[in-house]
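**Q** Copying in the features that TrEMBL gives for the protein in this structure:
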- 788-801: compositional bias 'Basic and acidic residues' (COMPBIAS)
- 810-819: compositional bias 'Basic and acidic residues' (COMPBIAS)
- 3-70: domain 'CDCP1 first CUB' (DOMAIN)
- 79-182: domain 'CDCP1 second and fifth CUB' (DOMAIN)
- 188-291: domain 'CDCP1 third and sixth CUB' (DOMAIN)
- 315-403: domain 'CDCP1 fourth CUB' (DOMAIN)
- 414-491: domain 'CDCP1 second and fifth CUB' (DOMAIN)
- 514-625: domain 'CDCP1 third and sixth CUB' (DOMAIN)
- 734-819: region 'Disordered' (REGION)
- 637-660: transmembrane segment (TRANSMEM)
Amino acid sequence: ASFTISLGKVDNITVMIKLRPGVSPSCQIRVKNFIRSELKIKPGENVTFTFTCSTPERYFIMEIQKNIDCVSGPCPFGDVHLYPPRLPRLNRTFIWDVKASTKAGLELQFSAPWLRQIEPGETCPDFISYNINSCIDKATVNIGTFCRNGSVSRVKLLGGVILSLHLPWDSPLTTSGFNIANRASIKRLCIIESILKGESSITLMSPNYPLGFPEDELMTWQFVVPSNMRASVFFHNYSLSNCERKEERVEYYLPGSLSNPEVFKLSDSQPANIAGSFNLSLQGCDQDAQNPGILRLLFQVVVQHPQVDENVTHLVDLSKEWNMTVTIHFEGWPSRIPLMSEPICLICKDPRTCDRVLTLVSGAVYKISFLCKDLSRLRITAEKGISCVDLRWCQRKIYSLLVPKAITQLPIRLHKFIWKLLAPDLINIEIMSPSLKLQQHVPEQRCNTSYSYSIVSATPEMELNVGVFCPGGSIEKIQMRNNITISLKTFGKGFPSESNHQDLKMSFVSHIKDECTFTVSPDPKAKVYLQTPNWPYGLPPYVSISWYVVMPSKQVARLGFSKDRMGITCETGRAYVNIKEETLGAEEIVRREDELLPQPRDTYHGFWVNISNCKPVDKTQLTLQFHVTFADKQIDLGVILAVVAGAGVLTAIGLTVCCVKKKKKKSQNPMVGVYNANVNTQVPRKQGLFTKGRKNNESHVYAVIDDAMVYGHLLKESNGSVAPEVDVYRPFDGPMGSLPPSPPPFSFRKDIKCSSNTEEPPPLTDTDHDTYTFAHQKSGQLEDNGDTTEKNNGDTTEKNNGDTSMSLLENKEQDSLVE
């Protein structure tokens, strides 16, 4: 197809057809017998041409520029037409360059559906866009880029204007959509009129956005708002230039105001709940020539119906609070920014000071109101700090960690209340829940309350997520060594009623040994699940955690672990699980990371569970869970028989001793000694009483052993306790009651790799020199003391037979010879 474009001289129009940027010249223009890649048609020319391809819109664009002189001649007021007609179907840009005096200015009026300003780089849905530039002398200012279907109805400009209309090749648009309405002196850069109908939201930007508003300029936005609607202004993005003189500001002409214009800084909360039409002006300043900076502004105007409860105020009394902030915000804040088109919820602390986010501080009283159709979209987040500087003063004080009623009484859901507890060195924190107690949220025992506490202990070097807890459990108190953050989170709508029963408290205490210590006081009918902090990521290296379980009266507890092993391999140090029952003479159960964890066991007294971590290799982490169940104590028939048998044994021992005494008087033989591994026969002696070690002195050798007198094994079987066999481990020897079992020091937590080397016996204590000091042995074993036992591959075994008595008799005969 061929095209003919005929331009008259008086039209002052130039048409330019050229290749699209970045497109290969696979298609060209044929004019008569000449092939061209570009074609320019000037005023007064008549040109016929064709394209060498069937899809020229893929390769070419078209610009149609019309120059209009409103300075030397009459200004053509009225509609601006798309001219010339019958142009090729190419992407085209119509450009109107209108010259005008700065004393007169121009007014462009747009037909419905008006215009909507967009940010640079944004694309209009129909790909039809307007770009408006103001020309003052030789300077050009970009007023903005606009799409159709908006609220901008008129633009007044100082001086000339360059207006561009971009149309895609398949656009059916046949009119420009604007007219030159008038000339009027405005004495400012521009005036943009926006007509707002019904509930709506619009976004506008300052000229040259985001590059910067011209220096020392003034512009105005006029907003036409129905009298039965309310408008609010929000500044979303702005920056300030460096002023040498004057001050950057915004000015409002508000309906009913007694102090128009009202002046605001760009950093202030802008007016809200405005009843009727108003003006907003932006004033620049004289900028620093060396460092001018950038003045820019992007803001939003929201129009909505008056709210039924806009005159209902809610009293928030924070006058008696200390170091606390309360923030009322929309759901998802601050990670989610609501869309401009979403219905808006406003929080007002006075009729004109409203915003989507409002922060209240302690020490004041507020009267707030809400401009929101759906208050369920609003949330409250509060934060309170508690610190201790002098332990002598704050150790005597108990702080209540309660949500103030000023917050719970608001018709808004509490999202989170955060307590930041700060303690200096050597001062630790204790959290208590005396009446409700706390339940740890674990997979087997999930919280089903309307709120929960997330507890995090932190230092600059390490953060330990202690866990999630809710009321109604068995944990009476938690002691931690570091600063603590407690976050109360709510679920559902039941918190306002349940909040009346909160009993979480905290206090500052002196230094504790472990990173964290739990005191668990279970209900006799409860099954308690407990797990290590930092679940499921594992304990940090070298961290020690303890639990003390208080035993209910007349109950027996059964302790069991959820898995057989710790599941880690240590790179340095050793990991331990220690279990210690709180009763005199109770054994301490110790397991390393390379050993099986203890099987389920019964305890009859309060007990400690301590878990100490090493530095694991690779990515293995220490995560352990254990549970405690309770049952009533039962009288076992076997126990009764054992007691009766034990009494019979003791009676037999007594009778035998009497017989021996009588026999001694008759035969005048030496006294008989009985070896009993479980009876403490230690006699206090002064250190250094014997100059020889036990291997060298004969004080532990008895003169006579009568087979009928050996009852030690019976007593041992009735007791049944076996000392644990552990690697280089310091058994628990601390005071009972308030302290957990001591984990092994890290100096002892090294792997001892040996093939068949014999272990060195532990060093002798001060009492090892005494006459009658016997080490507790395992069943079927005697401790290696240099007398009658030897070690074989690390195992202690008895010498053949029971020839102990014979060797002792031989020693006795040697003693007689010596004497």
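Every residue, even glycine, has its Cβ placed from backbone N, Cα and C.
In TrEMBL, annotation is done automatically, which means it is predicted and not curated.
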**Q** Count, for each of 3-70, 79-182, 188-291, 315-403, 514-625, the Cβ pairs lying under 8 Å from the domain 'CDCP1 second and fifth CUB' (414-491), and report the range with the highest count.
**A** 514-625
**Q** As a test of reading the model: what is the averaged pLDDT for the domain 'CDCP1 second and fifth CUB' (414-491)?
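**A** 88, rounded to a whole number.
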**Q** Which one of these stretches, 79-182, 315-403, 514-625, has the most C-beta pairs shorter than 8 Å to the domain 'CDCP1 third and sixth CUB' (188-291)?
**A** 79-182
**Q** Take the domain 'CDCP1 third and sixth CUB' (514-625) and count its residues per DSSP category (helix H/G/I, strand E/B, coil), listing them in that order.
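**A** Across the domain 'CDCP1 third and sixth CUB' (514-625), the residues distribute as 0 helix, 48 strand, 64 coil.
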